[in-house]
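Here is the structure we will look at.
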C-alpha cells in the first residue's frame, strides 16, 4: 500500500483506483498520478535516462529504489519524444532521499547549468505531445499549453 500511487495504464475493464494519501492531495501530484493512469511511467526510468541524469541509489530511502529502476525496452515506449526534464512525470532531485538536501537524481548539465526537474505546476509541452501520440489525437490544440 502506498500513499501516492497508481498502476500504469488500464488494468481492467472496471474503474481504476489511485491512492491519494496524506501530503498527496495537491493538484500537481494528482495530475502526476493521473499520468500513470493514462499510461506514463516516470521520465527518469526511460531507456536513455543515463545520458540525461545520474541516479544515486545510496541516497534513496530503503524500499523505494524500485521507483528509480530503468525499464526494459518491452516495458516502455517514449514514442520518439526526447527526454523531458520538465515533465510532470519526472521526480525532483531529492525525491525519496534518505536526508534533506541529499540528491537521488542529478540532471547532467551543459556548460555548468543543470536543468530543473520535478515540477508539479504544469504539463510540459512534451507531456502533451506524448499524450497526443499515445491516444492518436488529431492536430487540434497543436499549440495548447496547460498550466495547473
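In case you wondered, yes, glycine gets a Cβ from its N, Cα and C as well.
Keep in mind it's a predicted model, so treat the numbers as computed, not measured.
Here TrEMBL flags 33 as active site. Here TrEMBL flags 32, 36, 42 as Zn(2+) binding site. Annotated disulfide bond per TrEMBL: 2-24, 4-5, in sequence order. What TrEMBL lists as domain 'Peptidase M12A' is 1-138.
Where TrEMBL records a feature, it is marked here on the structure.
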residue: 2; record: disulfide bond; Cβ within 10 Å: 10
residue: 4; record: disulfide bond; Cβ within 10 Å: 17
residue: 5; record: disulfide bond; Cβ within 10 Å: 15
residue: 24; record: disulfide bond; Cβ within 10 Å: 16
residue: 32; record: Zn(2+) binding site; Cβ within 10 Å: 24
residue: 33; record: active site; Cβ within 10 Å: 16
residue: 36; record: Zn(2+) binding site; Cβ within 10 Å: 18
residue: 42; record: Zn(2+) binding site; Cβ within 10 Å: 22
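The recorded positions recorded for this entry are 32, 33, 36, 42, and the Cα of 33 lies nearest to that of residue 4 (disulfide bond). Sequence-ordered, the extra residues of this chain that approach the Zn(2+) site, with Cβ no more than 8 Å from the Cβ center of 32, 36, 42, are 6, 8, 33, 35, 40, 41, 88, 89.
In space, 5 is the closest of the recorded positions 2, 5, 24, 42 to residue 33 (active site), judged by Cα positions. A gap of 14 Å separates the Cα atoms of residue 2 (disulfide bond) and residue 36 (Zn(2+) binding site). Residue 24 (disulfide bond) is 10 Å away from residue 32 (Zn(2+) binding site) when you measure Cα to Cα. DSSP gives residue 24 (disulfide bond) a coil state; it is part of no helix or strand. Separation of the C-alpha atoms of residue 24 (disulfide bond) and residue 5 (disulfide bond): 9 Å, rounded to the nearest whole number.
DSSP assigns residue 2 (disulfide bond) to coil in the three-state reduction, outside any helix or strand. Reported as a whole number, the C-alpha separation between residue 5 (disulfide bond) and residue 36 (Zn(2+) binding site) equals 8 Å.
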